[in-house]
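Presented below is the structure to which this report refers.
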Amino acid sequence: MKQALTPEQIKEQKPYLDWSLSEREYDYISEKLLGRLPNFTETGLFSAMWSEHCSYKKSKPVLRLFPNQNDRVLQGPGEGAGVVDIDDGQAVVFKAESHNHPSTVEPYQGAATGVGGILRDIFSMGARPIASLDSLHFGELDDPKMQMKVAGTVKGIGDYGNCMGIPTVAGETTFDPCYSGNLLVNAMSVGLMDQKDIQKGKAAGIGNAVMYVGAKTGRDGIHGATFASADFSDENATQRSAVQVGDPFMEKLLLEACLELIQNHPDWLVGIQDMGAAGIVSSSAEMASEGDAGMDLDLDLVPQREPNMSAYEIMLSESQERMLLCVNKGHEDDVKKIFDFYGLEAVTIGRITEGRQYVLHHDGQVVCDIPVSSLTDDVLEETSEEQKPARILQAEQEANWQPEVTDAGATLEQLLQQSTIADKSIFFEQYDSMVRTSTVVGPGSDAGVLRVRGTKKGLAMTTDGNGRFVYLNPEVGGKMALAEAAANIVATGALPLAITDCLNYGDPNDPEIFWELHQSVSGMAEACRVFDTPVISGNVSLYNENNGQAIHPTPMVGMVGLIKDLKNLVKMAAQAAGDQVYLLGQTGDDYAGSELQKMLTGDIAGTVADFDLNHVHAMMKTLLSLMEDGKVASAHDLAEGGLGVALAETLFKTDLGMNLKLDLTKNQLFSETAGRFVVTVKKEDAAAFEAALGDDATLIGEVTNSHWLQVRLADGNLNKNVADLEQLWKEAIPCQLKSRD
């Protein structure tokens, strides 16, 4: 690394502007917080900790709209992950994180380290990770370069998760041109624990040890946090030094060592935190702040894998597979023995001090001496201008696009071959979904389901996000994202508990983009309150742009639900001939942002209609009650492609068919009205089912042995062999990928 600048040179040359620190912030730090010019190391620490990625300085005012508590929440936002009570002294722990910028630059390592980072967040809370999920958004598959990025991303996720022995059980993958220059790779992890083992990222107790454990520190990932707080351009998209490199075998050892310490020797440990974004500085400063303490660190003691690392590099490195512990004085050697057994570094690099000062030593010199609060609590929140986008104002003045479907069968065949709808097994078959043998329902269904061993309980989990609807109507799109996640959870027979999120947007300095963020979070927050699903963790990923072209605003909702007794688990596929088929919810002419619109016009446009959240929630509540009473044979929520696609998906992987009569048009068969399900019910349960749901349930036909989907519509018919439809659906993506060769 080049010679560090003096404080005076920093003031004059302003290198901090390239590190996402503004001149206003630099002056505030110098004049108000420190009363002097910060040195090179200190300036680097401020640039990382004051980045949007670490501080949420632009998004905090919006994030306050989210509810984050209810009777089940044991730990909300602010720790490594959220924790929710699932009864019997047990808790589920979950969180999602984005790794968009690194994955765009280096898809394999970016995706792999995204998985590794979120797993560390889970076991830092004291939980054993039991499942991984993802939410992946790519450009179109007809681009050979995008095919390579898709392959790298999927392999990175699969390799890391498989080596860790943690199943990937659910997720979503979409394709749209808006993600061509900036992929979205959102990783979610779910863990299980006894409530007595919950940990905090806290450093307290004067004289207690600060211990560094795990892999050695290198120069990879330096300024990863600030890299994630700026958009891409042709000039900076080559910042591969900001991408971390992962080692899942090291992480597996780290997981086992940490859980052994937490579960067997809780009296040795004060707090524990993952070294994620901004590396040592973030974990150490946040732990000291949480414990209302000071901290004194000797960076010469930090295990390093590269020679001559500066204090700046050591503190800002985002090398993977590292944790920071606060250990009660006198137990340092005890802790070291545990990590020695696993072949891991475990070094005391500092102590907790009186007061709230953050002091770093390197090469015999003090290289940082600043208040802890200046890094964590004194960040200047920023207010952003908001402006309703011109495209939305114009769309509100125009009539919505209406399709003209002439052949419902041919249209269904085409839709099933669209990349976002088509079978994704070519991707998720690279993930081990059954390792640890707790998986009950794996990828390809509405939600993944795992059993809670030693109990009758199950956990359902899903990730959902549709940027197209949010792009056209951010507030309604935000509601739809939450309602879609809830529908996926309820479709399995589970009660939605809480959510995590990844808020993926463009440059917040653009008034239109900040308006999108504000409006969509407002819609999500309203839906969270209606469904009683607080936001317990998550992250914000802004600046998802390439050369000024922003992605569609894409909030991702990760939701977990509880199945009280797995005997009441409901599958997506139709179960038996003779079962009655019901459409739940009312169907409108909702084509704006739909797969049908994109397929037929090559674009999306129009306005997305609002819907009654309270009514949808009440309907789901009734449906869940019927499931718990054993009155539902199968259930599938309606999403991309509407009822037509959902009916086909319900019959795939079965030998069954359906004979249906609908008061819907050929167009409406593919409408994407929110809050609907297709449900099958045994004949003997039909009367009770109809009585409970009333007008929300429309009998549309029955399941047959024919393996044909036969639908009589108000203006035509659809008759298709299910095996033929399934073959088109299964072969669509492999055919696109082969076209590259």
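Glycine is no exception: its Cβ is also placed from the backbone N, Cα and C atoms.
On a predicted model such as this, the values are computed, not experimentally measured, just so you know.
Site annotation (Swiss-Prot): ATP is bound by Tyr56, Lys95, Gly538, and the candidate from Asp18, Asp501, Asp507 recorded at this site is Asp501. For the substrate site that Swiss-Prot gives as Ser98, His99, Asn100, His101, Arg120, Glu318, Ser319, Gln320, Ser541, the extra residue drawn from Gln195, Gln199, Gln244, Gln397 is Gln244. Residues Tyr56, Lys95, Asp501, Gly538 are listed as the ATP binders, and the farthest two of them sit 17 Å apart at their Cα atoms. Report note: the ATP site is defined by Tyr56, Lys95, Asp501, Gly538, and the residues of the same chain whose CB lies within 8 Å of the CB centroid of those residues, excluding them, are Pro77, Ala96, Glu97, Thr500, Cys502, Leu503, Val535, Ser537, Asn539, Val540. For the substrate site, whose annotated binding residues are Ser98, His99, Asn100, His101, Arg120, Gln244, Glu318, Ser319, Gln320, Ser541, the maximal Cα to Cα separation is 20 Å. Taking all protein chains in view, 30 other C-beta atoms sit within 10 angstroms of the C-beta of Glu318 (substrate binding site). In the three-state DSSP scheme, His99 (active site, proton acceptor) falls into the coil class. Fewest other C-beta atoms within 10 Å: among the binding-site residues Glu97, Asp274, that description fits Glu97.
Non-local contacts of Asp501 (ATP binding site) by the CB criterion (under 8 A, 6+ apart in sequence, same chain) comprise Ala96, Met524, Val535, Gly538, Asn539, Pro555, Met556, Val557, Gly558.
Gln320 (substrate binding site) and His53 (active site) have their C-alpha atoms 17 Å apart, to the nearest angstrom.
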